[in-house]
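Written below as structure tokens is the structure these notes are about.
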Amino acid sequence: MAPSATYPITTTHSGADLEAISDAVDEINVLKFKAAQQVTELLDQDQDSSSPSSPTSTAATSPSAAQDLGDFDTPSHFDATKDHSRFRQYTTAESRVLNFYAEQHAKQTVAHNLAARALFNSPDRKRPEMTIWQAIECLNSLIDESDPDTELSQIQHLLQSAEAIRRDGKPRWMQLVGLIHDMGKLMLFFELATGQWDVVGDSFPVGCRFSEKCILAESFGANPDSTHPVYSTEHGIYTPKCGVENLMMSWGHDEYLYQVVKDQSLLPREGLAMIRFHSFYPWHREEAYGWAMKEGDEELRRAVRAFNPYDLYSKSDEPVDVEAVKPYYTELIDEFFPQKVIKW
């Protein structure tokens, strides 16, 4: 039976509107990522050292070294021949993105984030229960095919991300991350968000000074926390070297999915970081909030950077044969979600 019948959802939210703003935000990040790659290539050409300087260079041994994580951080190959310029340019998204971030930056307060987490963890909230694959089909039925970069459905986008990672020979756990990384968007239809602004968009920590390296940082001026006597200080409610995993990240689909899977999966720390921090561009691309990093956090940033190309560039017009790959991915899901039914 289809998930929509097994888990009926009544919502006034528009899946098409959510995807439209999500795509506009992605456009900006695609262009920024491309610019960063070009700068890195120029710097590499000027260096005689044989030590790689790209974001995916090999760092010290991770705390997860005892696990066989595989070569998750080798450079991506799937997008080597992809024409990145075919993705829409900044000017087509500028107005929509400006309005979106003005609302997001004004409303993502400590108070809102505490209330959102209280609702998520409330014993009175009846959590929907379904398998990962059922949840994928559920999301597919709720999100309209409104993406102008592809005419494919939501399930196709998820499978394209996973298949790109698989083709590049990345480890199985990373393939699974590619498959599920956007599934937190279900939060909008589970009434765990109030609008688009607390579902998608770049993420950042609350409870400390908003970094100037956040996109459109000037719009934080409308956020009451920006003048709070504690929250407006550099470290705010945190202490230096507290660890990025201990930051209260702005509530959205990344944070929601992380909260869902952290105790219900066997994903390694690096995989959880890819899910939770892949929209934390001020940190993993702009290198802000360095004061919060502790030993081992650089490995997490390296993992997120390794995942980033698959998040931005995996969309294409080549459909995946869903029925052909479903047995592979259902087996993969069962490997890392052994209890099968997940509480959302």
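Every residue, even glycine, has its Cβ placed from backbone N, Cα and C.
Residues or ranges marked as substrate binding site by TrEMBL: ARG88, ASP144, GLU145, SER146, LYS185, GLY201, ASP202, HIS278, SER279. Residues or ranges marked as Fe cation binding site by TrEMBL: HIS157, HIS181, ASP182, HIS253, HIS278, ASP311. The compositional bias 'Low complexity' feature in TrEMBL is assigned to 48-68. Among the features that TrEMBL reports, region 'Disordered' is placed at 42-80.
Ranked by Cα separation from LYS185 (substrate binding site), the binding-site residues HIS157, HIS253, HIS278 are led by HIS253. Other residues of the same chain near the Fe cation site, with their Cβ within 8 Å of the Cβ centroid of HIS157, HIS181, ASP182, HIS253, HIS278, ASP311, are SER161, MET183, GLY184, ASP254. SER279 (substrate binding site) and HIS253 (Fe cation binding site) are 10 Å apart (CA-CA, integer value). Long-range neighbours of HIS278 (Fe cation binding site) (same chain, six or more residues apart, CB within less than 8 Å of its CB): HIS181, ASP254, HIS284, VAL304, PHE307, ASN308, ASP311.
Cα spacing between ASP202 (substrate binding site) and ASP182 (Fe cation binding site): 13 Å, rounded to the nearest whole number.
Within the same chain, residues at least six positions away from ASP182 (Fe cation binding site) with a Cβ under 8 Å of its Cβ are LEU139, GLN154, HIS157, LEU158, SER161, HIS253. For the binding-site residues LYS185, HIS253, counting C-beta atoms within 10 A of each C-beta gives the highest total at HIS253.
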